[in-house]
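My questions will all concern the structure given below.
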């Protein structure tokens, strides 16, 4: 993927920002993984302290997509660990954004994938398979829909209704 600068995208797309077609997430996420910059079509997932559906999605072909997980902002357990990050890398996912925690930080940082999360917690999640795939979610002050585009770099995360020109 060519280098993509979110700051430059904001500067050159003021009309899209004004219309709400391009939105910036609040800066609440920490950066993990080897890919500092990543982008792709969004797959949404809403769960709470349960990562069974996370595993189900990350074990499917990613095809350059980004999994955006609304974990309710819980910091009581991790929704993604080293094994899932490795699986996501192997299956061709571009990145994972978690409104919640991860664990196995050193393993995730060794993976060729972009990961953003609120922080880390060594506790594993529940395994009840409760959640909702492909539903609209609200994270960091922004409504995010399945199929929209995500662009992330060291400056932040943008959500776009359409693919942007790089």
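Including glycine, each Cβ sits where the backbone N, Cα and C put it.
So TrEMBL says this about it:
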| type | residues | note |
| --- | --- | --- |
| BINDING | 81, 82, 83, 84, 103 | substrate binding site |
| BINDING | 104 | Mg(2+) binding site |
Give me the CA-CA distance between residue 83 (substrate binding site) and the residue listed as 'Mg(2+) binding site', in Å, as a whole number.
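The Cα atom of residue 83 (substrate binding site) is 9 Å away from the Cα atom of the residue listed as 'Mg(2+) binding site'.
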I need the CA-to-CA distance for residue 84 (substrate binding site) versus residue 104 (Mg(2+) binding site), whole Å please.
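Cα of residue 84 (substrate binding site) to Cα of residue 104 (Mg(2+) binding site) measures 10 Å after rounding.
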Hey, what's the Cβ neighbour count for residue 81 (substrate binding site) at 10 Å?
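I count 22 other Cβ atoms within 10 Å of it.
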Just checking, which of 82, 103, 104 (binding-site residues) has the fewest C-beta atoms within 10 Å of its C-beta?
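With the binding-site residues 82, 103, 104, fewest surrounding Cβ atoms within 10 Å: 82.
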Beyond the listed site residues 81, 82, 83, 84, 103, identify every same-chain residue whose Cβ lies within 8 Å of the center of their Cβ atoms for the substrate site.
78, 80, 85, 86, 102, 104, 107, 108
For a quick check of understanding: among the binding-site residues 83, 84, which residue's Cβ has the most other Cβ atoms within 10 Å?
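It comes out as 84.
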Do you know offhand how many angstrom separate residue 81 (substrate binding site) and residue 104 (Mg(2+) binding site) by C-alpha?
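About 5 Å separates the two Cα atoms.
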